Amino acid sequence: MTRKKEQFIWMVWFLLMVFLLIFLIQREAFLMFQFPQVWAFLALVVLASFFPIHYRNHTLTSFQWGTLAIFIYYGFSLEVFVTQIALLVVLVVSGLKRKELYRIPINSIIFLLTSIAAASVFYLVGGQVGEVFSLIRHGHALVLYAATFLFANHFFIFATRKYLFGIKKQHFIKGLWMEGTAAGILLPLVIILVVLYAEIGTLAILLSGIIFVGISIVFKVYNSTKRINHLLKKVTEFGYELSSSRSVDELMTKVRERLDEFLNWDHLYLYDVKDDHLSLIYMDQKDSAPVPLELKKGDHFSMKVLKTKELALAEERQQWLITGKELPLDLQSILAIPLKNRQDIKRVITIASKQKKGFLPHQIMVVEIIANMLSVAIETVQNLEKTKRESYHCPLTSLYNLRYFEEVLKETILENQEDTLSLILLDLDHFKRINDTYGHQSGNDVLCEVARRLVDVVPRDVTVARYGGEEFVLLLPKRNEAEAYEIGLALQEKLKGTPILIKSDLKSENQTKFVTVTASIGVASSELIDEHEDNMMDAFSLIRRADRAMYNGAKQKGRDRVATYSEVKNTKEAAT
């Protein structure tokens, strides 16, 4: 809500309260508090206000059924005053935050309008209050009062959410049905209270109070159970959602979305555990505050989990501040939960809220279940990533393998048909001689060093792969043959410019020796060589071009050369 809207609402509310106060004084409403019965009714209503029932986006209260009895015996003015007091109690009990104080004037205006609407209908149909009230003669007016109060209150709340807060998706009929169900249970009790009060006086209020509180507690327990069951059902569905994730970030995004449904949180951290130390691998903050550098290595409150192997909960700042000051100081409630693999703690998820006592017991229970699911899901994702990485990488050089390279090449050609791309095929010269002279381990060392140098030389967008044996292949997107040729020359210089240190494993003394490695390099491009060539260059045609350039233009002409396909093609045409 904007600041201007909030100020306007407070101003309207203030003016209405001034008029209401004047009205109450004129009607001598406050003089009624000299009667003990009025205080008894007030106590009943306030007590009922301590048991609001929160169901999804609705807050159900029972105090208005007590104020109905006040209206019947003491009239509109006292009912309005007591309703405003009860409403304030409900808001405080519901955990009204400082930034949500605007809810006071909004709800106050809604209930004031509701009281006016219900009283108007009551009087219009001939209802009378006080000693002249008769259930037989005015019972219809009482029922219409209750129905009007119920409908008007729900309508005003619906309209406020839609037009003031812009909440379009609301279930008007469903919400009205829930409140109507509660009314169907409580209205008969109000009628009993009205009848008993006429017969036995204040004792009727005490008896009704016990019944009202009992029903409110039953409703609250039932609602809590239903809410937990609903959350557990959602958590079960969440398990299936996690199974479709392919990365830790994707998993945590889904966790965040699920937490938003039932938890008021502000910060979310995921720590990796290694050698009894924490390292931050994921973080999400609802505010834009900078992340303290200390959090990169974890926070001391989350470290408690590693020692106790159980969740750690702080309900206010002072409880976690004594352990360390790494977390932002505007946080209050902290919940840290271990993510275990068998008995070992592999990770810790920490959730923080700026609200004191921000996590209720049933919420903590659900978060624990989510944490267990997340632990399994992360292990699965990491195993999949490891398997995928191994299937796409050469285990010796850690470069991509031919299988992966061919997939990338096909995708690049398909997605960039209008752009030129080039290929470099590189074959180490006399590599067999290195294996025969110094041993295969030395040959492996040479391959690893060559792979490292290739990656160091080429730009980041170039894909480097081991083609097989002593051959390497490079994909250069958005580069023509001339640009690729220059990169080929840089590779040639990098390889032969600095000898490679190897250790011979064919001799007992394990001699070390520097060897100079050269390569035959072929360059090919997807750009047209002449106007007669097919514009649709496929992956294997491009590889064949690079292979011909490497073999015919470099190897057959003395090795340690960089040759292009166009050069080889022009030489062949000139010879014919």
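Placement of Cβ uses the backbone N, Cα and C atoms for every residue, glycine included.
Here's what TrEMBL has on this protein:
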type: DOMAIN; residues: 419-567; note: domain 'GGDEF'
type: TRANSMEM; residues: 7-26; note: transmembrane segment
type: TRANSMEM; residues: 38-55; note: transmembrane segment
type: TRANSMEM; residues: 67-92; note: transmembrane segment
type: TRANSMEM; residues: 104-124; note: transmembrane segment
type: TRANSMEM; residues: 144-164; note: transmembrane segment
type: TRANSMEM; residues: 176-197; note: transmembrane segment
type: TRANSMEM; residues: 203-222; note: transmembrane segment
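For the transmembrane segment (104-124), the most Cβ-contacting stretch among 67-92, 144-164, 176-197, 203-222 is 144-164 (pairs under 8 Å). Over the domain 'GGDEF' (419-567) the predicted model carries a mean pLDDT of 89. Looking at 7-26, 144-164, 176-197, 203-222, the range that has the most CB pairs within less than 8 A of the transmembrane segment (38-55) turns out to be 203-222.
Broken down with DSSP, the domain 'GGDEF' (419-567) shows 64 helix, 39 strand, 46 coil.
The largest share of C-beta pairs under 8 angstroms with the transmembrane segment (203-222) comes from 176-197, of the ranges 7-26, 144-164, 176-197.
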